[in-house]
Amino acid sequence: MTGEPTGREPARLATLDVSAAGGRPKTLLGDLTGDGRMELLFVQGDDIDATYDPHQVISLTAIDLDGEVRWQVGDPDPTGGSHGADFPAQIWDFDGDGYNEVVCVMDDEFRVIDGRTGEIQRTAELPAPQAHDCIVPANLTGGDGRHDMIVKDRYRQVWALDSDFETLWTHEGNTGHYPWPHDVDGDGRDEVMVGYSFLDSDGETLWTADIPDEHADCIWVADLDEDGNSEEANDPEIVIGEGGVYAYAPDGTERWRNREPREVQHIAPGNFREDVDGLQVAGLDRIVRGGPDQTGQDGIFLVDSDGETVCTEDRDPGGWLTIVEPMTAWDDADLDYVLAWRRGGGTNPTLYDGHLDPVVTFPEDGYLIHGDLLGRGTEQVIVLDDGTAHVFGHEEGSLDAPGDGPLPQPKRLANSTLYPGGERPDGPLHDV
């Protein structure tokens with residue numbers, strides 16, 4: 001595929017004034033109020049150079065799908081700072097009461113905030129001054145729910161904390177951007193992929209991938225060959241993107257690697273093609289890094305379940321900061337889409353098919369989030385641009401809550417990150 005996308009336009013469901021949240025916030029989704037539909041939580045971070053120092057949160061603003069401010073914590077900055085790294089804030093049912101909380105780091109401490117009211121329920125000390133690059137909900141101690149968490153500094157150390165914010169263990173090494181927890185062995189506790197190292201629930205390193213001098217930009221867990229119900233079934237693969245795409249078995253056996261891409265910033269497993277067996281892995285290759293004196297370029301690619309390249313995108317015009325994600329429930333189609341945004345080069349956010357041809361092109365450009373806002377089984381896309389939230393769906397419809405809440409919080413949304421990872425199918429956070 002080359003040239004400007006020409007996909008059809010989606011249905012516009014709402015246009016919301018969200019300027020009360022201040023400038024340049026990151027946005028989280030979740031049913032904060034328990035009313036059966038999701039709210040938008042706008043998170044502002046401090047305006048620092050986050051190359052080596054992690055952000056903290058300076059303000060939180062919860063806005064519903066009618067555009068009403070439900071609550072606010074902190075004082076929003078009208079201008080806002082940069083967000084070239086994660087902000088330490090997540091939405092999930094941390095305390096197991098059936099309603100979502102917001103867990104964040106503000107003013108050098110953890111804060112647990114009631115999602116319904118914005119009231120601060122608890123505070124706790126950080127395990128170390130730099131331990132707030134991101135927050136990763138996890139189940140490391142067993143039982144129902146995910147009442148533990150993992151935090152990290154930018155690149156060197158992670159800390160595992162229990163529900164009382166006590167340190168369970170710590171790990172030093174190449175941390176990557178966002179660790180991913182998953183109960184691979186079925187014992188009721190999560191193992192954790194931290195960078196290129198696979199840790200058990202107690203923080204012991206079981207194996208480390210042979211990928212030197214790089215860091216993991218994104219991590220996915222997916223059954224690529226989709227043999228989960230067969231007699232010859234094997235475990236799901238752990239797929240890593242950085243200077244290539246790599247797939248590993250949970251015991252550390254390398255299944256395959258594809259080094260054709262130069263710098264893989266994002267990967268997105270999905271069922272994008274009928275003519276290719278198993279799942280495919282879409283990815284974003286940062287071909288040329290842009291800068292003051294150089295125009296950057298990136299492109300989407302697709303590999304099959306054996307790591308062989310299926311197709312690549314030849315972009316013109318260019319851009320080099322694209323984010324790609326799998327879109328699995330946009331409509332009732334049998335196949336998934338590749339969602340690409342922050343494309344640059346005059347290209348708006350677009351849904352692509354498995355041939356990398358545009359299917360849907362969104363009429364607005366900006367920061368993008370997506371989720372099943374009403375619990376109906378299809379996802380909507382929200383594009384945020386300069387104090388306005390544009391809500392789109394595949395067809396016209398109401399944003400009124402279809403039933404009583406609260407909605408469960410999908411694991412993908414509870415583990416929101418600028419470096420999208422995940423698992424397929426999306427693991428439940430429905431019990432937390």
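Glycine is no exception: its Cβ is also placed from the backbone N, Cα and C atoms.
Listed features, source TrEMBL:
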type	residues	note
COMPBIAS	423-432	compositional bias 'Basic and acidic residues'
DOMAIN	153-231	domain 'Rhamnogalacturonan lyase family 11 C-terminal'
REGION	393-432	region 'Disordered'
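Counting same-chain residues at least six beyond the ends of the region 'Disordered' (393-432), those with a Cβ under 8 angstroms from any Cβ of the stretch are 10-11, 13-14, 26, 28-31, 33-38, 65-66, 83-86, 90-94, 96, 98-100, 134, 136-137, 144-147, 177-178, 180, 182, 217-223, 236, 265-266, 268-270, 279, 323, 325-326, 328, 330-331, 360, 371-376, 378, 380-381. Across the domain 'Rhamnogalacturonan lyase family 11 C-terminal' (153-231), the model assigns an average pLDDT of 91. For the region 'Disordered' (393-432), the DSSP counts in helix, strand and coil order read 4 helix, 4 strand, 32 coil. With helix defined as DSSP H, G or I and strand as E or B, the domain 'Rhamnogalacturonan lyase family 11 C-terminal' (153-231) counts 0 helix, 30 strand, 49 coil.
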